[in-house]
Amino acid sequence: MSIGHTLLGILETGPRHGYDLKRAFDERFGHDRPLHYGQVYSTMSRLLKNGLVEVEGVEPGEGPERKRYAITDAGVTDVAGWLGRPEKPEPYLQSTLYTKVVLALLTGRDAGELLDVQRSEHLRLMRELTQRKRSGDLADQLICDHALFHLEADLRWLELTAARLDQLAREVRG
Amino acid sequence: MTTADQLLNAAGLRKSYGPTPALDGADFTVGPGEVVAVMGPSGSGKSTLLHCLAGIIRPDSGAVHYRGRELSAMSDAERSALRRSEFGFIFQFGQLVPELTCTENVALPLRLTGMGRREAEKRAAGWLERLEVDDVRHHRPGQVSGGQGQRVAVARALVTGPRVIFADEPTGALDSLNGERVMQLLTDAARDTGAAVVLVTHEARVAAYSDREIVVRDGRVRDMAGAL
Amino acid sequence: MSTLDSRTPQAPPAPEPAPGPAPPTGPRGAARWAADLAMGARFALTGGRESWIRTVLTAVGVGLGVAVLMVAASVPNMLGAREARGEARENFGFGPVERSDHSALYTWSDTEFRGEGIRGRYIEPEGSSPPVPPGVEGLPGPGEMLVSPALGELLASPEGELLRERLSQRVVGTIGDEGLLGPKELTFLAGSDTLSDFPDSAMRIDRFDEVGEPEPLDAVLLLLVVVVCVVLLFPVWVFIATSVRFGGERRDRRLAALRLVGADSRMVRRIAAGESLVGALLGLAVGAALLLPVRALIGRAEFLDISVFPADVRPSAPLVALIAVAVPVSAVVVTLFALRGVAIEPLGVVRDAGVRRRRLWWRLVPPGIGLVLLLPLVGGIDAERGTIDTYRIAAGIVLLLVGVTTVLPWLVEWVVNRMRGGPLAFQLAVRRLQLDSGPGARAVSGITVAVAGAIAVQMLFGGVEGDYTRSTGHDTSRADLQVMRDLRDGRQAWELTERLEDIRGVDRVLGAAVLHAPEAGTDPNGDRSWTRITVAGCATLEQLARLRSCEEGDVFVAPPTEDGAEEPGARPGARLDLNIPVYSHEKEAYERTGEPRPWSVPADAPVVVARPDAMGRYTAGVLATPGALDLTRVTQAHADVSVKLDPAVPDAVEHIRNAVETGSPETRVMTLSATDQSNKFAAVQRALYAGAAGVMLLIGASMVVSTLEQLRERRKLLSVLVAFGTRRSTLGWSVLWQTALPVALGLVLSVAGGIGLGAVLLKLVSTPVAVHWTSLGAMTGIGAGVVLLVTALSLPPLWRMMRPDGLRTE
């Protein structure tokens, strides 16, 4: 999971102080593992260096938490590219996929689109596994089945999540 | 894909039931021998698309071409004849005639084309054997398991040697093992006979038996092959 | 989902939970029953559109049946009221009546007009307060008459023109309803001042309502009535029973939902019974409401010369009570019986039909008992003996007909299970029936009963009718009419013959004068005294006996046939007195008045053998030519003229009646030939066809309902078949076959059953068994028509259901 893309995505919804950024991240994505301040500062400085964010203003006082960050056009393009790119299908992708769905909805993008692309990617792997299963021996079949079921489970979870969050987002917006 | 490759082509299909559009400008193409999965959420218009493609219902607008002939320009009788001879159908459940034996069910499409009973049932028996359900030949659908029944349905869809098989959630009522087996038998048989399969499903594991998938969302088709 | 599909039981029905001890709380026994029935009633009325439609269908079906039963229940009152009015307006002239201020002379002068009987009465008051029949305010004077409304209408119409010549009296009023048997009766009451001239035909009366002991109904007729009632009413019951089952399959699925929320299997049965009960009760109301329009309709109909006043259609109270109890009880029983083979489980309805084979033996029990009841009566019913064991015969017939309905499902199953092959549509229908032939056979059983009954009744009518025709022995090749007239004087003997010869349309007239004379010098009140003398020309005499030769002046003697009356004077040389003694009512004996006028049979008169005349009568006694016996010496005789008509002249009979029946009771015209009887038989036949067709239409309607119900259940399957490219015609034919097969088998069974029942009935009245083939053909035709009708009515909904909508699962 890419913390940089996630923070960028959060910034796309509006400029924030470093402290706000951490809180927003923890609230939505860091249930089990809150972000260190250090991680926020180092990521921000990397993004600043790559021109994906800019410092919009500084509050009086000391420390990076006083800085107010904003996303640049390059940063928005970078987020879009990341969201549109399917993850390599593998089991237990949920935290990344979840982050992507939430960010897509947060930034007003179509989660269904993301889902279709990801499903297609999953299916490509699943086709390969199915093919291998059909030509392989029993051990192959069992291993492939395991992978297939997990991939399918992830897809179904993703579909359900997208549907639920979409509904939630509509309720929040509406 | 060139037009020569197109077996079945739909362009700009629109179809409404009452005020709600089930299809809203759908485009779709199937090549010979191709297995295409039609995916999408419930109510997205998957089945309506399938019914339009098979000439069961007429779209409100748009055209479906099968091997260069436009389906909506054909009469009901012509389309019925086309479905009898060129298409095969598999549904989720409730498709076997309960009072006929399995053999008779499989022989049904042949008899609809006018074949004699003896010959039709001989061919039907061959397909039942191939789909590994010849032991229930003389049973009625009510006396066989869901998996067996669905294999009988597959045999029935294949018995006329169709060019296209339309399968609407063919494994929807089956457990994983039976579902897998039915899909294997279906796709193997389709490949052997060169039949294309239009497979409506919402299960990825079932869709994984296809060559490519399309997604129907809000009455529109997204061809994922083109997206990549 | 597939467990909900009643056609495809996935698993054998789960055993019913053993009837454990009743729950400690809650009502028990009758209270439980009442509570469950009430709940069913609530479902029937408030269970949504579907149960509401079902209730209405049942109510209409039951209502139609109840209306028919109500009319049948009115028959006793109809006949009773008819008979009472018939008695109140009549006097058969028993016993002597003194001439007084309140006496009148009264005579009958019935006639016929184009085959329709007209009741005619002449009355001549002898004082100031003569008796007046009901429906009449004042007696008509000479040359006047009162007519029934129907006769008035006929006389006023162009068709009645010919009749006006005969009934030429001035119409001065109409006879009221209380003086009529029915609204269509043709009758008149005419005034006269010449009745005293005919002391033999006119009787003196001083009151009406004097008919003596009513004759008991002919036993054969009574049998006919019993059979007709049973045959026509039994299918009505079958129809009611079928109506109660309308929509049963959907209801069963609703009941399954009740099982899911905790009702036990006996509860849901009672709830189902409650639903049917409401339908049946509403049906009773519908039937009662239908009675009013039906009454009006009956008032306009006429059948077998019988018409009925709507006011007479009053169902008898005990029968109404019986209907009111029997119909709801039947509804409950039929429902419980129908659910016998159905397991309503929480997850769906499982029918074990098709799994359990139908057994034959118990189905043969009812017809067996029926035969046991009827066979001992064979030959025991005699038209002369007025009593029959009504209940036993009715029970026997009902059981035989019940047998037809119980054997039919077995027969359908047996035959259908042996059917193989055939075209696809046929195969689909056969397979469908193989899986469950119950509904088809049930619906058809009503038709079967109606047809079997109708065939049996026709055989009985046909046999009995043939019997009657043979016994009349009329020979219509010799004469069409027999005209008789009393002669006050022998001189008038040939007047009638001459008059008839001049009428247009008369082909040949053979007249005779007939008198009965005592032997001279014997006591006219003795046993062996009177001899019949027939005076006629040789042409007529040759019709009456085998004569070797005949010349004017000849006399012949014809000894009586074995069973004929004794003719003591029928011997050469016998001396007879032509001054005929007159019967005195006061002395109750014959009296000689005036001088004897002896006449002798010549000693050389040849003895000849009598032969039957056109009416089948043997004329024994003395046969004399007018030259041998001077008729002017005879004091009392009657003319007996047989008339052969020219068939090319229309209404020749009416012209003759007009010529001879002019306003006096002295002449009687008898129509020979069996045409009258055949007409009646044809009317019975038409009525039976109409009744059978009506019953079959009723049943056809219920078949349409059940076919549609079945199709609706198969909506999804129909759509799948459409997807496969199945032609509409294939499915249409399949529906046709599916209806036609049970009906065809039903008709075969009903023909067999009908002929069997008919044969037994004919044996009961000792009549040779003959099958009425045209009626068999007609019944079969009606059955085929019903099949076509049911199919035709089922097709539009079938087409509608063949739309692909059924494929949509989302």
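Each Cβ is built from the backbone N, Cα and C atoms, and glycine gets one as well.
Copied over from TrEMBL:
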REGION    C:1-29  region 'Disordered'
COMPBIAS  C:10-26  compositional bias 'Pro residues'
TRANSMEM  C:52-75  transmembrane segment
TRANSMEM  C:219-244  transmembrane segment
DOMAIN    C:228-339  domain 'ABC3 transporter permease C-terminal'
TRANSMEM  C:276-298  transmembrane segment
TRANSMEM  C:318-339  transmembrane segment
TRANSMEM  C:360-381  transmembrane segment
TRANSMEM  C:393-412  transmembrane segment
TRANSMEM  C:441-461  transmembrane segment
TRANSMEM  C:687-705  transmembrane segment
DOMAIN    C:692-795  domain 'ABC3 transporter permease C-terminal'
TRANSMEM  C:743-764  transmembrane segment
TRANSMEM  C:776-799  transmembrane segment
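According to DSSP, the domain 'ABC3 transporter permease C-terminal' (C:692-795) comprises 91 helix, 0 strand, 13 coil. Sequence-distant contacts of the transmembrane segment (C:276-298) (same chain, six or more residues past either end, CB-CB distance under 8 Å): 37, 40-41, 44-45, 54-67, 69-71, 240, 243-244, 246, 308, 310, 313, 315, 323-324, 327-328, 330-332, 334-335. Within its own chain, the transmembrane segment (C:52-75) is flanked in space by residues 44-45, 229, 232-233, 236-237, 239-240, 242-244, 246-247, 250-251, 275-276, 278-280, 282-291, 294, 298, 312-316, 319-320, 322-323, 327, 331, 698, 701-702, 705, which lie at least six positions past its ends and keep a Cβ under 8 Å from the stretch.
Summarised as a single figure, the pLDDT of the domain 'ABC3 transporter permease C-terminal' (C:228-339) averages 80. For the domain 'ABC3 transporter permease C-terminal' (C:228-339), the number of residues in each DSSP class (helix H, G, I; strand E, B; coil) is 91 helix, 4 strand, 17 coil.
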